[in-house]
Amino acid sequence: MIPRRSCWLILLLNLLNVQSLLDASWWSTVAQLSTALAGHNVKPVCELPGLSPGQAQVCELFKDHMPAVSIGAQNAIQECQRQFTGHRWNCSTHYSTGMLGPIHKMATREAAFTYAILSAGVTHEIGRRCKQGLLTSCGCSDETKPKNVPTDWSWGGCGDNVEYGYKFSRDFIDIREKEHDPKRNHDNGRSLMNRRNNEAGRKILKRHRKPKCKCHGVSGACNMKTCWMQLPSMEQVGKILRNKYDKAIRVQINDRGNLQLLADEATKERKTRALPTDLVFMDDSPDYCRFDRHSGTLGTEGRVCKRGSGGAEGCDSLCCGRGYNTYTQEVKSKCNCKFEWCCKVVCQTCNNVTQVDICK
C-alpha cells in the first residue's frame, strides 16, 4: 500500500505539472515521484523542483494545506475529463505518469479551461476543509446574512469558507505567474493569460455559492431553519466553465504589456471588453486527432466511439475520418435476482453480448 503522504504528493504533482512550462526541473520532480512510489526517502514536498520559489515559501507556511491543494487539483482534473468525455481532447492524462503532459505549454483554449478549473478546484477544497475544521488557520465562513434569506430564518450555520479558499488559491497558484520575467513579451502575455483564467475559475465558484438551510422542529415541522452559505459542486462549476470554453476570447499582448482582445475569426466581430469570468487564449489548438509527443496530444486511436451519432463522440468525428473497428465482447452481469427468506438476495449470472466501436 502506498503511504498516505505519497498519495497526496502524486495528486499535487498534477497541479504543478499544469502550471509548469515543463522545464528540466519538472522532469526531476517526476523522477522523485518514482522514488516516492518505490518507498525511498525523497525531498520534503516544499522542496520539490516543480514549485516556484514563491510557492515553496507558501508551502512552508501552510504545509497542512497541501493535501487540500492536491485533492482539489485531482477533483478538477476528474471534472475536466467528465466535461470533455467523447471529445477529441478529453483532458486525458499520460498513462505512464498520470500527468496532463506538455499540451499546456501552448496558450490554447484547452489550457485556459484547465487553469480555470484547477484554480476553482483548489479554492473549493480549501473552503470545504475550513468548514470541516481540518485546517489550523481558518474555520467556518463568517459571511453576513444575504438579503434573499427570510428574516425569521436563523443565519449562523457553519458555511464553506470561500473567502479564505479564494485568497489562499490566489496566493499559492498565481504567485508563480508573477515571478516570470516581464521583459520577455510572450512569457508575460502567457502569465497574464494564466492569471486571468485562474481568476475566472475562482470568481465562477464564488458567484454561484448559495444559502443552504436545515429544518428544526418536532416530527419535521420545520418550525425553525438554520442557514449557511454553501459552494456549488465541482460538476456545476465544470458545466459553467464548459460553456465559457466554447465562448473563449482570443487575446494578444500589446505594446503596453497588456492583453488585447482580438476579433472572432468566424464572425470577425471584436469584443470591446471581456467579463471577469470569461476565458481567454492566445494560440490555436493543435490537431488532437493524432498522437504527437511534441505537443502532448494523445490522439484518438483506440478510443471508443458511438456509431451513428452526429455529436463529438460519434465515430465520424472522434475517429477523424480514419474509420473504426467493431468488436464483439461478452459481459457478465447479475440477473434474475430473487430475495430469499431470510435474508439474502440470490442472483444468476447472465452473459450479454455487445458490440463496441474503436477508432482506428
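Just so it is clear, glycine is given a Cβ too, placed from its N, Cα and C backbone atoms.
Features as listed in Swiss-Prot:
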SIGNAL    1-37  signal peptide
DISULFID  CYS80-CYS91  disulfide bond
CARBOHYD  ASN90  N-linked glycosylation site
DISULFID  CYS130-CYS138  disulfide bond
DISULFID  CYS140-CYS158  disulfide bond
DISULFID  CYS213-CYS227  disulfide bond
DISULFID  CYS215-CYS222  disulfide bond
LIPID     SER219  O-palmitoleoyl serine
DISULFID  CYS289-CYS320  disulfide bond
DISULFID  CYS305-CYS315  disulfide bond
DISULFID  CYS319-CYS359  disulfide bond
DISULFID  CYS335-CYS350  disulfide bond
DISULFID  CYS337-CYS347  disulfide bond
DISULFID  CYS342-CYS343  disulfide bond
CARBOHYD  ASN352  N-linked glycosylation site
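Counted over every protein chain shown, other Cβ atoms within 10 Å are most numerous around CYS140 among the disulfide-bonded residues CYS140, CYS350.
ASN90 (N-linked glycosylation site) has its Cα within 10 Å of the Cα of these disulfide-bonded residues: CYS80, taken from CYS80, CYS158, CYS305, CYS347. Checking each of the disulfide-bonded residues (CYS80, CYS130, CYS215, CYS335, CYS347, CYS359) against CYS320 (disulfide bond), the C-alpha distance stays within 10 Å for CYS359. Here the CA atom of CYS347 (disulfide bond) lies 37 Å from the CA atom of CYS80 (disulfide bond).
Separation of the C-alpha atoms of CYS347 (disulfide bond) and CYS215 (disulfide bond): 41 Å, rounded to the nearest whole number. Annotation for CYS222 (disulfide bond): spatial neighbours CYS215, HIS216, criterion Cβ-Cβ under 8 Å with sequence separation of six or more. Considering only the disulfide-bonded residues CYS91, CYS213, CYS342, CYS359, the Cβ with the fewest other Cβ atoms within 10 Å is that of CYS342.
When Cα-Cα distances from CYS335 (disulfide bond) are compared across the disulfide-bonded residues CYS91, CYS140, CYS158, CYS213, CYS289, the shortest belongs to CYS91. Neighbour count (other Cβ atoms within 10 Å of the Cβ, all protein chains): 11 for CYS215 (disulfide bond). Look at the disulfide-bonded residues CYS80, CYS319 and count other Cβ atoms within 10 Å of each Cβ; CYS319 has the fewest. The most crowded of the glycosylation sites listed here (ASN90, ASN352) is ASN90, judged by how many other CB atoms sit within 10 Å of its own CB. Rounded to a whole number, the distance between the Cα atoms of CYS158 (disulfide bond) and CYS227 (disulfide bond) is 8 Å.
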